[in-house]
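Under the heading Mg(2+) 1 binding site, Swiss-Prot lists E123, H236, E328, citing similarity to another entry as support. The Mg(2+) 2 binding site annotation in Swiss-Prot covers E125, E180, E187 and is backed by similarity to another entry. Per Swiss-Prot, L-glutamate binding site is recorded for G232, R291, R315, R330. Per Swiss-Prot, the feature ATP binding site maps to S240, R315, R320; the stated evidence is similarity to another entry. Marked as domain 'GS beta-grasp' by Swiss-Prot: 12-94. The domain 'GS catalytic' annotation in Swiss-Prot covers 100-435.
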Amino acid sequence: MTLDLSTFAREKGVKYFMISYTDLFGGQRAKLVPAEAIADMQKGGAGFAGFATWFDLTPAHPDLFALPDASAVIQLPWKKDVAWVAADCIMDDAPVEQAPRVVLKKLVAEAAQEGLRVKTGVEPEFFLISPDGSKISDTFDTAEKPCYDQQAIMRRYDVIAEICDYMLELGWKPYQNDHEDANGQFEMNWEYDDALRTADKHSFFKFMVKSIAEKHGLRATFMPKPFKGLTGNGCHCHISVWDLAGEVNAFADNKAEFGLSAEGRHFLGGIMKHASALAAVTNPTVNSYKRINAPRTISGATWAPNSVTWTGNNRTHMVRVPGPGRFELRLPDGAVNPYLLQAIIIAAGLSGVRSKADPGRHYDIDMYKDGHKVTDAPKLPLNLLDALREYNRDEELQEALGREFSAAYLKLKQGEWNTYCSQFTEWEHQTTLDV
């Protein structure tokens, strides 16, 4: 039975709803709707000019309506009179096929048709920086190896604990928070869930972290590589596939190598097969490739892959199998669109299951030290343009995510690359002025 948002508002004391959708570039767009008007919005959606956000639309297109999904409503723990609700984009009474949440829902349904239920957990890393974005906010956070630094995390206790308390209140079951490998960097973990719910939570988490940071006079950034020489922001994703009831893990086989079943290996095989094209979505910005192709950081490791390899419990590879019944994709970064991340994982994984793809040999080596000895594993794209070209060549992935989505994404991202190439940098000035 669909939750009535008007009733929800009366029972919870909600005065306003943020009807929110995510555009192709991961931007979160919303309208603040008074509770008195939510009944009409729940029926027909809140109207937007789609061209004003990152979609391949024109000013001549009719209104884009964001139809709230009442099952995804979240009352803001820090502002109880407001509730956030994820929305699906429609136009002329039909789903907008290029909208990320629409794309994900289609792939979740496809997996269900094959008796599969994808569950995932994400690990979005972020920096707490100065309001102007120029430096790390904690001037004492200067250690060469700051990971798990207890003094540093306690200096940011007020921010981290407040966010964690809110996740506890929301029933997300958070289980750990830590200072990460870069100065000023943090990670907060909560329990895995169905792919769509994970995407909704991921989207809300970014909104919540930024909001609470601002409340404390700080700024939070999920930018993949905000500071030269420091470890970048990853968004590792743990993946498992279950039966439709969510009771039997189809990836688990304690007798198999790494505890990964044949079906799990096939799903992983799809990820490996499509990895270079995946990067166009999992690493969607120019800056993303400063993380996955970075030189050694001050702390000693980038903690990011640069080759298409997998292994057991070893964090130097693109895919890690830390235990039976799941694997971790370490490729995505903090700029990834929460919905497209889940969508492209399902698309690639289903491709592997259908074709019984083999993930290939695994390498039990330190890729940071000995990766140069591996000659039969593809390198990940060197830049956004290379990744877009890989996606453009991957007909199977384009078909799986939808031709309308793929065309729109490639067009807008190519435009972003062209804009980047038109920039005149200080490096050019310094290195070329006197030639």
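Each Cβ is built from the backbone N, Cα and C atoms, and glycine gets one as well.
Quick caveat, the model's predicted, so the values are computed rather than measured.
Features recorded in Swiss-Prot, as mapped to the structure shown.
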residue	record	contacts (Cβ under 8 Å, 6+ apart)
E123	Mg(2+) 1 binding site	E187, N189, G234, C235, H236, C237, H238
E125	Mg(2+) 2 binding site	E180, Q185, F186, E187, F222, N233, G234, C235, G334
G232	L-glutamate binding site	A182, P224, K225, P226, K290, R291, A294, T302, A304, D333, G334
S240	ATP binding site	V118, K119, T120, Y192, N249, F251, A252, G325, R326
R320	ATP binding site	W310, T311, G312, N313, N314, F327, E328, R330
- Message: Within a 10 Å radius of its Cβ, which of these binding-site residues (H236, R291, R330) has the fewest neighbouring Cβ atoms?
- Response: H236
- Item | For R315 (L-glutamate binding site): intrachain residues, at least 6 apart, with Cβ closer than 8 Å | W303, R330
- Task: Grab the L-glutamate binding residues from the record (G232, R291, R315, R330) and give me their largest CA-CA distance in Å.
- Result: 15
- Note on the structure: Its Cβ having more other Cβ atoms within 10 Å than any other among the binding-site residues E180, E187, E328, the winner is E180
- Query: Other residues with Cβ within 8 Å of the Cβ centroid of G232, R291, R315, R330 at the L-glutamate site?
  - Reply: T231, G234, H236, I292, T302, W303, A304, P305, L331, D333
- Message: Among residues S240, R315, R320 annotated as binding ATP, what is the maximum Cα-Cα distance? Answer in Å.
- Response: 18
